[in-house]
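Database features, via TrEMBL:
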REGION    A:1-25  region 'Disordered'
TRANSMEM  A:39-61  transmembrane segment
DOMAIN    A:100-313  domain 'ABC transmembrane type-1'
TRANSMEM  A:104-125  transmembrane segment
TRANSMEM  A:134-155  transmembrane segment
TRANSMEM  A:167-189  transmembrane segment
TRANSMEM  A:196-213  transmembrane segment
TRANSMEM  A:233-251  transmembrane segment
TRANSMEM  A:263-285  transmembrane segment
TRANSMEM  A:291-314  transmembrane segment
Amino acid sequence: MSAATAAISEQAPIPEDNSHPAQAKPALRDEGAKLGFRLTLPAQILVLFIALFPLLMQLYISLTDWSPLSGLGWWSAWSLWNNFANYTDLAADARFWSALKRTAIVMIVCVPAEFLLGLALATLFADEFPGKRIFYSILLMPMMVVPAVAGYMFFMLFQSGGPVNDILSALSGFPVTIAWLSDPTLALIAVMLADIWQWTPLMFLILLAGLVGVPEDQIKAATLLGANPWQRFVTIVLPKMKTIIIIALAIRVIENFKIFDTLYIMTGGGPGVATETISVYIYKLTTQDLIWGYVAAIALAILIVLSIAAVFAMKRMARAREVSA
Amino acid sequence: MSAIHLQNLVKKFSDFTALKTMDLAIADGEFMALLGPSGCGKSTTMNMIAGMEEPTSGKILFGERDMEGVPMARRGVGFVFQNYAIFSHMSVRQNLAYGPKMRGAPKAEIDRRVGAIAEMLQLTPLLDRKADRLSVNILQRVAIGRSAIMEPAIFLLDEPLSNVDAAFRAVMRTELKQLQRQFRQTMVYVTHDQLEAMTMADRIAVMDHGVLQQVGTPLEVYNNPANVFVARFIGAPGMNLLRGRPAESDRGLVIDLGPLGVTPPLPAEIADAVRGAPGDVLYGFRPEQVTLAEGGRGLSLPVTFVERIGARTIVHLGQGESAVKAVFDNDVGLAIGLTAVVAPAVHSVRVFDAGTGRAIKAGG
Ligand SMILES: Nc1ncnc2c1ncn2[C@@H]1O[C@H](COP(=O)(O)OP(=O)(O)O)[C@@H](O)[C@H]1O
Ligand SMILES: [Mg+2]
């Protein structure tokens, strides 16, 4: 168009970051930092102690054969030093690796299922419909049920004479008497269903918060430009929800990795070891086998793996935020 | 095809009526400005034309076609939102390409169209920039480009320039007008800024409190306001309105303004109409059409304030009911405390019914 517009094409100056006004006076800032350090020192020491002490204690014990039955205080565990045997045992512990694999399977099934269900429900609840408030309350209830109670509930549901089989009988017309919790595969499925029931609401809640935050006028603009509902969802809604989706998935992945309470009450890890996840295995080693040195080694190994994963996820999250801000 | 007819259009939000029976015919290829103060129902009208809101009653026709039940995606309107609604997670290029892409245009064609529109709006160097890092001025162009690329027959713009800076606004006024001349779309332009409406529109629809006050060319609306609201709203400053009572004199019909004395005789054309009007009237004249009557006949008023705005000087005279503004050249020798005798140009005088606020027109 006109020549006058050439001048406008350049970018507006990006506002400078003024959030650190003290940077202008380094001397003053150093003073402030020193005072701040001194004031927070007691708290820092406390936090360091809380975080570091158990870790160091764990590391120490994990290098020994110490157990509460050894008759020694944990601090004298050095006399039971075993030359890293716990770690070499761990590498060769088939039961550990199969528990890890099972935990991974549960995670790979449950987290995506919870995510997709939660997203579908959130999409539904982003619009108005009659009875929305009541359904909303009902939907959030599983999250509030004490896991132990949920465990007993599902234990009862999946008995061979329980309601699940009754419903299947009614639907199929044949008497169904599946022994859910005694079949290795079905028990794992039952446990996963319980987890999905219990944790989809949390996913739903987080995703709904993200969904209502998507600017409505951008959705209208997309509609006017001819995007159909699916295209709008993929091109506008999902990209805008990226950060919150990553957060929701991260929370559930971490939580699901530690799956224990409901599952343990339903199956106790059985039949056999069919539903034995990492947490159940550790629990058994701690309370039944009482080999605490070995438990410490497992816990430490998992902590390290999870920490690496968390750092990685956090980096990705920070980058996503940068991109979508 | 792309003429727009609004027939008895009404919009209520629960018990609040945002728009009261709007009737408006916008011709194919016309640039129509909807002008009015904030909250008068301009956006509501636009949103109904675009299909984002359902009218409570009344009809919207595009050409002959009733738009009731036609979803917004199929109305073929371009819409520029007041806050632009740019897809902030995309680049400028992705924003511009969005419409054609969603409608499944081939890649080569999308590239060509994006290139052309970017060239026209001087966005080419910015194509690969993220939209969230751009200034308002640029966002505004992207918003126009994103709609214009669809070559809509009807283009709706909701206060597109209200957020940009003054210098850019002047540039965009010219450009939008050129854009519309080039493509001949039917353009509906919402604004609360009369300068934008006056400079760009073929016709202006002035609205207030959900009621259409007057439709006309910018000059019609300026010269012959249909009522007191339009008279005061159009023009900067708006028309002077003084309350008085018609009175016969030996020179013809005059208005007795009470303490301000009597006006010069009314032009013969409107004198007859005013004679037929019951009760008090408002004597109106534009501040720009006032001369200093040195020692002669006119309204004698104390100067209360002098506003110098560069080329012009706005002199405030009198107070309260008899407040009058007059615009003079910047060398006018008036100062606070002096008394000025001002005379409105006879041809510029308009008279309004004080009761209804309507203009009293010759022959009507
Ligand atoms: N969705 C809505 N619900 C209730 N009132 C609304 C809604 N949209 C607009 N209004 C009201 O209708 C009136 C006209 O609004 P609008 O058309 O946006 O005015 P404007 O002329 O400033 O664009 C305003 O008083 C506004 O508060
Ligand atoms: Mg508005």
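Positions of Cβ are set from backbone N, Cα and C atoms, glycine also.
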The transmembrane segment (A:263-285) in contact with the transmembrane segment (A:291-314), cutoff 8 A, at least 3 CB pairs, sep 6+: yes
Tertiary contacts of the transmembrane segment (A:167-189) (same chain, 6+ residues out, Cβ under 8 Å): 102, 105-106, 155, 158-161, 266-267, 270-272, 274-275
Same-chain residues at least 6 beyond the ends of the transmembrane segment (A:196-213) whose Cβ lies under 8 Å from its Cβ atoms: 110, 113-115, 117-119, 121-123, 125-126, 139-143, 145, 147, 150, 154, 237, 240-241, 243-245, 247-248, 251-252, 255-256, 262
